[in-house]
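For reference, the structure discussed in these notes is given below.
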Amino acid sequence: MTWDHLRLRLPLALAGWGALAVTALPGGSPLRWVPVLLFVCFGPGLALLHPQRGTLRPAARIEALALAAPLSLSLAVTVSTTLFLVRGFSATAFLVTLAAITTVAAALPGLPLPAATWGAAGRRER
Amino acid sequence: MQPRVPAPDLAQPRTEAEAPPPTRPPPPRPRRALARLLRPLRPQLLFSWLPLLAGAVLWVYALPRIGFRSMGDYGLLDRFPVAFYVALALLTCGFLAAPRRAGTAPWWPAGYCVALLVALKAPPAVLYDSVRYPWASKHDAVVNQLLLNGELRPNGALSGNMSAYDQWPGFFTLTGGLVRAFGVESAAVFLNWAPIALGLLMMPVLVLLYRTFTEDWRLVWTAVWIFQLANWVGQDYLAPQGFAYLLHLAVIAVVLRHFVLPGSAGRLRDRSYLDPASAAVPPPTGTRQRAVCVAVLAPLILAVNAAHQLTPVMLCVSLFALTLTRRYRNYGLLAVAALIMLAWDLTMGRPLFVETLGTLRDSLGELTENSRAGYAGELTGPGPELAGRANVLMVLAVAALAGAALLLRRRLVRGALPLLLVSVAPVPLFVVNDYGGEMLFRVYLFGLPGAAFFAAATLVPAVGDARHGLRRRAAALTLHLALPVALLALLAGFLPSYYGKEKMYYTPPAETALVTRAIDRAPDGALILATTGSFPQALHRYDRVEHWFFAEQELPENERMLADPARYLADRIPPGTDAYVILTRTQDIYAAGEGLLPPGGFSTLRSRLSVSPLFRVVEVHTYGIVLRYRPDAEGESP
């Protein structure tokens, strides 16, 4: 794994744990809610979409930016609803689950959306 | 291809060895520094940043001068200072200059679009000391209840279908997670910021969607701008529908970009068949690639289903409409979306799903009933009437502009046919159900992304399409005259549409406190009566008390009720029920504005109930009155 890979993946992998750490700050403080909001809205999605081989093509960059939030929030909905269904909801459980998903996703190759990697059907993968 | 020759970098200082011969000395440093300093003042750059800066300064200046506490008949329209309107006009002027460089400097139109979103929708978020839209406090109550219970109760059978929030809880569980993680008391703290947050998240999705069909960045950003101006329907508050809508658009964007079947593009691969602004059809994908994309989309579709009951139907209808084209005939994805929806409806959402199926027989085919806005009455009062007229004009204007593109930009429409199909797909839902008087707004909202795109296509002519003199002049006229006029007209339509009824939407904190006190006093199982549910904290403790919003019915029935309101209500209160009537200022404004009660009806109701022996006054306040039903006084009633 090169430095370029790590430079992107390491912050993503640690983002969730950082968001969890700032929940120790007083409630309602911007130092607490801003990182949490950014992580919940973008963290898991970026970790799933962004780590690709080589540089993302411009179209794929727009796509990763646009889909990061919907994907992140979908995962957040699934996690929070599941936690309520099993009566295990707490802020810590919510953030720990999302942070763990993000860390694992950041270590894996990015989701293979065609705009990012494969190109047209029938073309050989580069 | 010519080899790329790097341009000399005049800005970089050179070393001694690299210095040019003494015969051609470099320009003196102060002149270069001055040139750098003056660069932002070049006309091209000046028109990019100056309107944005001036607009922002004026907006900030205007903000504390917005007299929202003393709103009159016209809501915030006559409470906005002139500086506010000038700021919006300046942003529009700046935006009109920005798209010219959209291809090379996309941050300028993007910056203007963000500025417009904030300028239009942030004033309530910054200023209000209470929740905007009284009914939004219902969602705050749902989140509070969820956090209090720590579990979902989809089979709770609560009054007013409140269990539906536990049957489609996704958005509320997420908001609950944020409330706890932020460490705030409730969602009310950030509730008014939802339109900004959702608008910001929506913008890149719209760009992605539009970029799929056009290479012209001016068209993309103009469509985003028009979308914002036409998005006055107020569905972007802290509510499941706004959230599910974002996910719905993301799914549609992925489908349109990654589900093109091989060999289906046909003549669309031929540039001469397309508009110069059209984008090439996205590369086709094989079965395996599409299967991967379905797996990527599955969590999004699941979240749409977990969050909202109507959006999955809209999604399935849109996906079905896409299967009508050769390009996107993906039955597999449609089947997956339908299966996820069915699975959710038959498990978590079963109680309401079964109930809705039972009522479908009555509502099916009731076109005029299903497409009405709100409950029953006519909008009353200068502000609501103006807002109502502006709403209709805005819909007609956007539809007319979009319709013009179908005639004027036929070659662009050929390429963007899937977007057109997705936009018109929800219209037939009028045949099915009225969705509590909100179907009209929902159908409009789901058609809006496409409508904004085609409206922009009418106003932003293609660059390479105007070789003939006449056409070139027409294109220039459209770009330099029709576009500014249309954007200013849409801006003028947005403001009354969004802020014309603001008096109904702002509730003083003292009224909220009155309602909270009254409901806190009511014992478990009590019945809360109010004219309408549109008042703050209306559903506070909704799992402990029952509700009856008795004026949410046809006007003639309300007129019968007003003849003897005490008797009318007493006859319908179930025997042995502890009943409280809460009448507040916001209910008065809402019932009058929406035409639920005739002029003066609310004060008649209030005064007759106050003097009736059947009701005892519990609390009187500037902002309302609380009464308790006295079943023991039945004999005293005239």
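Just so it is clear, glycine is given a Cβ too, placed from its N, Cα and C backbone atoms.
Taken from TrEMBL, the feature compositional bias 'Pro residues' applies to B:19-28. The feature region 'Disordered' is assigned by TrEMBL to B:1-30. The transmembrane segment annotation in TrEMBL covers B:45-62, B:82-98, B:110-128, B:190-210, B:217-234, B:240-261, B:331-353, B:390-408, B:415-432, B:444-463, B:475-499.
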Distant-in-sequence neighbours of the transmembrane segment (B:217-234), which means Cβ under 8 A and at least six residues beyond its ends: 95, 98-100, 102-103, 106, 109-110, 112-113, 116-117, 120, 133, 199, 203, 206-207, 210-211, 277, 391, 394, 398, 401, 441, 444-445, 448-449, 451-453, 455-457, 459-460, 483, 487, 490-491, 493-494, 497-498
When counting Cβ pairs under 8 Å to the transmembrane segment (B:82-98), the leader among B:45-62, B:110-128, B:240-261: B:45-62
Distant-in-sequence neighbours of the transmembrane segment (B:331-353), which means Cβ under 8 A and at least six residues beyond its ends: 152, 154-155, 157, 161, 163-164, 167-169, 255, 259, 290-291, 294, 297-298, 301-302, 305-306, 309, 312-313, 315-316, 319-320, 323
Segment-segment contact (the transmembrane segment (B:390-408); the transmembrane segment (B:110-128)) at 3 or more Cβ pairs under 8 Å: no
Non-local residues, at least 6 beyond the ends, that sit with Cβ under 8 Å of the transmembrane segment (B:444-463): 99, 206, 209-210, 213-214, 216, 218-219, 222-227, 230-231, 233, 235, 245, 248-249, 275-277, 314, 318, 395, 398-399, 401-406, 408-409, 412-413, 416, 419-420, 422-427, 474-475, 478-479, 482-483, 486-487
Stretch with greatest number of CB pairs under 8 Å, the transmembrane segment (B:190-210) reference, B:45-62, B:110-128, B:475-499 candidates: B:110-128
Residues of the parent chain within Cβ reach of the transmembrane segment (B:45-62), under 8 Å, 6 or more residues beyond its termini: 39, 80-81, 83-84, 86-88, 90-91, 93-94, 97-98, 101, 105, 108, 111-112, 115, 119
